[in-house]
Amino acid sequence: MNLILMGLPGAGKGTQAKYIVDRYGIPHISTGDIFRAAIKDQTPMGVEAKKYIDKGDLVPDDVTSGIVKDRLSEDDTNKGYMLDGFPRTLQQANNLEEITSDLNKPLDAVINIDVNPDTLVERLSGRFICKNCGATYHKLYKMPKVKNTCDVCGGHEFYQRSDDKPETVKNRLDVNIKMNTPLIDFYKSKNILFTVDGNQSIEDVTKDIVKILDQFTV
Ligand code: AP5
């Protein structure tokens, strides 16, 4: 199963990705996670990407597409993959067409998590993350079951992403909203777009996604 999970910042891509990759046993390829790891390791690519991410801008298409090409060339994607946060521009979508065709790993489905933009600021500003394992929580919608303790790894330290600060969030949303409609139209025209209502609870969004993806496993 070769998939894209798309949606505006805060739509719930990372949250849903965890369930999907566990259920279907495919690797999760998040360009945002790849950039954050490179920033942490202070690689040349990370240093370059940080300049854009800190402002809420998109990292240039050639850099991002190159990363995805390398990652999709790895053997663990032969049985399927789930891209999260890529493509984000029409140029990236066209690059991906070329990459998947060269590698003979064509897309089966694009899941678009559709959320009212007004709620996204609240989603992003309330998000906090486990420092040890990266599990994502929300001050209102997804608190750890035991106070100050990560459900997944038992860690006690949490942080807020630097690009979730209010001054960056506004630009991130503006930039991504502008790019979103042409991308949706691109995949609609290929008849592989499935849109789910991301305004529901986390569990209900998961159920809707599973309903769609289970069709591809028979
Ligand atoms: P990236 O890391 O991909 O960030 P993003 O797209 O902005 O998405 P987020 O990770 O912020 O949100 P999400 O949809 O995963 O939401 P989450 O599940 O955490 O990219 C970061 C940056 O890297 C970009 O800004 C850009 O600079 C660069 N970049 C990455 N890819 C690029 C590309 N292809 N091209 C160029 N540049 C690129 O949920 C958010 C919160 O809401 C959480 O707290 C969660 O608990 C909560 N929540 C989730 N679902 C629900 C629900 N249904 N109800 C209530 N709360 C919910």
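Note that the numbers count up from 1, one per residue, in the order the chain is shown.
Glycine is no exception: its Cβ is also placed from the backbone N, Cα and C atoms.
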According to TrEMBL, which of these ranges is region 'NMP': 30-59, 120-149?
30-59
Same-site AMP binder from ARG23, ARG161, given that TrEMBL records THR31, ARG36, ASP57, LEU58, VAL59, GLY85, PHE86, PRO87, ARG88, GLN92, ARG172:
ARG161
Report the candidate from GLN200, GLN215 that shares the ATP site with GLY10, ALA11, GLY12, LYS13, GLY14, THR15, ARG127, THR136, TYR137, as recorded in TrEMBL.
GLN200
Among the binding-site residues THR31, CYS130, CYS133, CYS153, ARG161, name every one whose Cβ is found under 6 angstroms from ligand 1, counting any of its atoms.
THR31
May I ask for the distance between PHE86 (AMP binding site) and CYS130 (Zn(2+) binding site), taken between their Cα atoms and rounded to an integer number of Å?
24
Listed binding-site residues among GLY10, ARG127, CYS130 whose Cα sits within 10 Å of THR31 (AMP binding site):
none
Would you measure the largest Cα separation among GLY10, ALA11, GLY12, LYS13, GLY14, THR15, ARG127, THR136, TYR137, GLN200 for the ATP site and round it to whole Å?
18
Packing count at CYS133 (Zn(2+) binding site) (other Cβ atoms within 10 Å of its Cβ):
12
Counts of helix, strand and coil residues, the domain 'Adenylate kinase active site lid' (127-163), according to DSSP:
2 helix, 12 strand, 23 coil
